[in-house]
Amino acid sequence: MAPPATPLPFLLLATLLAAAPLLPPAAAEPEAFDVRRHLSTVTRYDVSRASNSVVSAPSISDECRVIHLNLVARHGTRAPTKKRIKELDRLAVRLGTLVDEAKQGSDTASLKKIPSWMKGWESRWKGRVKGGELVSEGEEELFNFANRVKERFQDLFDEEYHPDVYSIRATQVPRASASAVAFGLGLLSGKGKLGAGNNRAFSVLSESRASDICLRFFDSCKTYKDYRKRKEPDVDKQKEPILEHVTSALVSRYHLKFTTQDVSSLWFLCKQEASLLNITNQACQLFNEDEVHLLEWTDDLEGFVLKGYGESINYKMGLPLLKDVVQSMEEAIIAKEENFPDGTYEKARLRFAHAETLVPFTCLLGLFLEGSDFEKIQREEPLDLPPMPPQRRNWKGALVAPFASNNMLALYQCPGNDGKKTSQDQKNSYFVQVLHNEAPVSMPGCGNKDLCPFEEFKEKIVKPHLEHDYDMLCKKPVAAAEEEPSSFSSKLNFFLDLLSRKGYRVKGQDVKTEL
């Protein structure tokens, strides 16, 4: 008879001791665990901002003035999509079946272990035939964000609104355009004569989904679609041991015959309840803290491999957006150099899209990397996968791309060394500051400076990516389309072998799990 699998808590303890040098000293009073901070990309924006411990004090002189702002933002908190609503309806039926099976058994003690909420549970979205829309909490996220932007860059937004001065763009997906509207209402509140809030009308531009390679480049990139289709089964294999272990733990804990699909759906329900409804004492309470960390890691792994640094096509296809950002800054510099009067040139380009837009753009800027990884992505070398808990990692979906997540690139004009601008120092008098979720961040491609000279920003961060062309990247056949890159395959085999040796049960067949 085979020995029983090693319990996960023991593995975590052993790993924790081995990884101790990687962890910070224990705080005197550790902060209470809050599952709402560990929901990966389903995390609410305000919760994510409160969780961000990165503090940066940008060295911007009082003499520098912001002259242009680029914003790339994800839509705010949304309702579950139609596909996910159906999944929750199936989960309700499944939970009813599990509870009924338990009641038919002879073990009355086991019935007491079943959480009371599970008996007769129905989805909050039962009967809905449509989904995915921006909810009121998402509207508030963008509205409040806009007010903070307006306050932070007062000089930039002191001018009367004109659509060519403050350009607002969104994809044609309703939750993105609704996010743009919520942001615009906050940005322009008090600027017009409409209603009690003195609002004013404003323009939101959208391109057809079929041709929007600036904000929906992932829709038109065949190379990326082929890559994702090939990689999704690999990601499922990597997630499977975690799901199997958590499933085994829940079966033992609650004496219900959960499957891995049940656990996947329950984890999704936890995220929806905690994020949209602020409910943490139902589905989320099924999992202990270690299990939440592991399930969060599976979500983060999926985002890393399929949207982030897992393969260069993930972010290289975002080149049209990067070019658009740089072009807008160059046009702003020309306007300043040629003394264009206010109202005749663009001061802000504000874009609202999706996680599939924001994450590649974040990668193009080289954010959330480990150590010397920036040099690797410049050479298009594969990166290591995000380390498993309890090891620390920079790539966390809750920080990289929560609801309403954003990157702002503020362009500053600063005086020359002698306090005057001359034609000789024009190129050196403009600087770029990158803010991720409103916090200034250092740029690995610019010597980890938080204020990067514009020409250096173009040379060291942007130029290496410009060796590629979107059409060539996305429309030519994938080289060796049926072959797996050796680096990814070897990492996968090593990962699965390691889990097997540590006591996880790793099956050969794929288990399709969509978290």
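Backbone N, Cα and C define each Cβ position, glycine as well.
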Between Cys363, Cys414, Cys446, which residue forms the disulfide that TrEMBL gives for Cys64?
Cys414
Rank the disulfide-bonded residues Cys414, Cys446 by how many other Cβ atoms lie within 10 Å of each Cβ and give me the one with the fewest.
Cys414
Listed in sequence order, residues with CB under 8 A of Cys64 (disulfide bond) and six or more positions away:
Tyr412, Gln413, Cys414, Pro415, Phe431
What Cα-Cα separation, expressed in whole Å, is found between Cys446 (disulfide bond) and Cys270 (disulfide bond)?
40
Residues that sit under 8 angstroms from Cys452 (disulfide bond) by C-beta distance, when 6+ apart in the chain:
Phe431, Val432, Gln433, Val434, Met443, Gly445, Cys446, Ile461
